[in-house]
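Down below is the structure, laid out as C-alpha cells.
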Amino acid sequence: MSLARVITCAIIIVVAVNCKSSENEIAISYLQKYGYLDNSGAQRFSSSYNTTQELHRAVSLFQEFYRLPGDGELNEEALNQMGKPRCGVEDISERTFAPLSDKWPRKHLKWNFHLANDIILKTTQAAFDLWAANSSLTFERDSLNPDILISFREGRHAMLYSRRNEPCSSAFRGPNGDVAHAFFPTGDPNFVSEVHVDKAETWHIQLTKNPPGMYNLLQTLTHEIGHALGLPHTFREDSVMFAFVPEKTFNLL
C-alpha cells in the first residue's frame, strides 16, 4: 500500500472517530438536560461516558420514551429527534413517576402575561379556557397577584417574579431550540409558577391558521400551562403534552 493511501485511510479513521465523539458529546449534553442521564457527573470528562453503560442506558430510555427504533445505540433516528425544537422541561423526573405529586392547593388560579398586548392576552385567555373546559379548574387574569406568570425571555435570563433577580435554571439557545419552559407547582400556596417563552423565536400569536415557518403561541402556551398545572411530558404525539413542536398544528379551538 502506498504512503498516500495509508495517510488517506488514517485521515478517514480520525474524521470518523472525531465525528462519533462529537455525536456522543451532543447526546450526553441533551440526555443530561432532559433527565435521561444523571447530571451529577457533569464535571467528569464527557468522553468517560463513551464506553460505559450509562450512555447506552440513557439512549435506550430516550428511544423507549419516544417510541424510536434502536437498542441503546446512538443511531440516526435518535440524533434527528434530539435536533428538533421542543419544550425545555425535562422528560424524565419525579413527575414522570408521580404526576401531580405536588399540586395547587386551590382550584381557582390567577394568571398574567407580563407586558402583553391585547392579541397576546386574547390567545393566552384561549389557552386557559381550554384547560378550564377539560379540568375542574377555573382561571382569571390578575396582573398584580398571579399564580401563573407568563413572559417572553431570551438567552440566559432571570426569573421575573424574584425580587433578587434570581437566574432561571434553564437558558434559551436561540431560534429552533427550546421554544419555552415552565415550572411545576410545589404545593406552596404562595408559589408563583413561571412560564418563559423564547422571544428569539418567530411566533404566530393570532387565533388563526398557523403560517409556515412560525411557532404557534396558542399551542405552546397550552402545553406550558399544562406543566404549570403539574403535568409532565407524554410520548403521545397527539397529546398537547408531547414535548416536541408538532409537525402540524392541532386544531385546538
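Cβ coordinates come from backbone N, Cα and C, glycine included.
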G174, G226: which one does TrEMBL list with D198, E201 for the Ca(2+) 3 site?
-> G174
Which of H181, H204 shares the Zn(2+) 1 site with H157, H196 per TrEMBL?
-> H181
How many whole Å apart are the CA atoms of H233 (Zn(2+) 2 binding site) and E224 (active site)?
-> 10
Among G174, D198, E201, E224, these being the recorded positions, pick the one whose CA is nearest to that of C87 (Zn(2+) 2 binding site).
-> E224
Which has the fewest other CB atoms in a 10 Å radius around its CB: C87, M241, the listed binding-site residues?
-> M241
